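This report refers to the structure that appears directly beneath it.
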Amino acid sequence: MEVYLDATECYLKNSLCFYPSLNIFVSWSVLVGAHVGYIVLVIILRKWMQRRAALNMNKIMMIYNVTQIYISAIMAISLAPHLKKGLFNLNGRFSANIEFWIFVHYCSKFLDMFDTVLMIFRKKNEQLSFLHIYHHATIGFIWGLLLRNGIGNGTAFFGAWVNSAVHFLMYSHYLWTSLGFRNPLKSILTKIQMFQFFLCIVQASLAPFFDNQFALQWSFLQLTYHITLFILFLDFHRKSGKKKGLRNLKQTE
């Protein structure tokens, strides 16, 4: 049976509301240490790989992609029932189920950092964009902030759900192409990623007016963060399109 609490009860706890025993995982030492450590690791690994040949990571990538597909599917399916509770679950009640799966989603952001490690070992330096590093160095920190302040709940479920659903599609694509197959829907996947950011911007814009459980600063944080992601992703997509066009032009000369 689902367990619910009023949002005000969770605010007063100033910690995970239903699972306080997990607070250690969203402590400042973990939040700051893990994300600063990520940036330091990127710098060290890139320097270490400078004079080394690219490594064959095919088997590891296959295991990694399958793991990501499985975890993303479980999170998306587990959070999906809350989609029926109104638009973005605005003013939705705080539940143990949402908090648990948002915590799992938060933990998955640390697994996502392995994307960067794989890119560096494979010497895919063109993929190590500012957008990529910025996203991985910040998204887990933001989810951790929500959880440690007792508001990783309610309408916040939507961000975790839509991101899990998109990640399921993304890692399915990566697995498919790693097996040597071509995905004709790759361009659609890019549009889906951008639509995800757009939906989160809409949610953050509506929350101050239709959700009285979230303080304005949290909606503002989500709004500004997803606007930066949308702009950076749009710029990266535009530049990638230009580079692809130049490569195609050279091949026809």
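Yeah, the Cβs are placed from backbone N, Cα and C, and that goes for glycine too.
Note that this is a predicted model, so its numbers are computed, not measured.
If you look up Swiss-Prot, you'll see 24-44, 60-80, 100-120, 127-147, 150-170, 188-208, 214-234 marked as transmembrane segment, on the strength of sequence analysis. As annotated by Swiss-Prot, motif 'HxxHH motif' applies to 132-136, with the evidence given as an author's statement. Residues or ranges marked as active site, nucleophile in Swiss-Prot (evidence: similarity to another entry): His135.
Summarising model confidence by region, the motif 'HxxHH motif' (132-136) averages a pLDDT of 96.
Only pairs six or more apart in sequence are counted, and the transmembrane segment (60-80) with the transmembrane segment (214-234) gives fewer than three Cβ pairs under 8 Å, not enough to call it a contact. Packing against the transmembrane segment (188-208) from elsewhere in the chain are residues 87-88, 90, 155, 158-159, 162-163, 166, 169-170, 173, 214, 216, 218-220, 222-223, 226-227, 229-230, 233-234, 237: each is 6 or more residues past its ends and has a CB under 8 Å from a CB in it. By the Cβ criterion (under 8 Å, sequence separation of 6 or more), the transmembrane segment (100-120) is not in contact with the transmembrane segment (214-234), since fewer than 3 such pairs are found. Take the transmembrane segment (24-44) and the stretches 127-147, 150-170, 214-234: counting Cβ pairs under 8 Å, 127-147 has the most. In terms of DSSP secondary structure, the motif 'HxxHH motif' (132-136) contains 5 helix, 0 strand, 0 coil.
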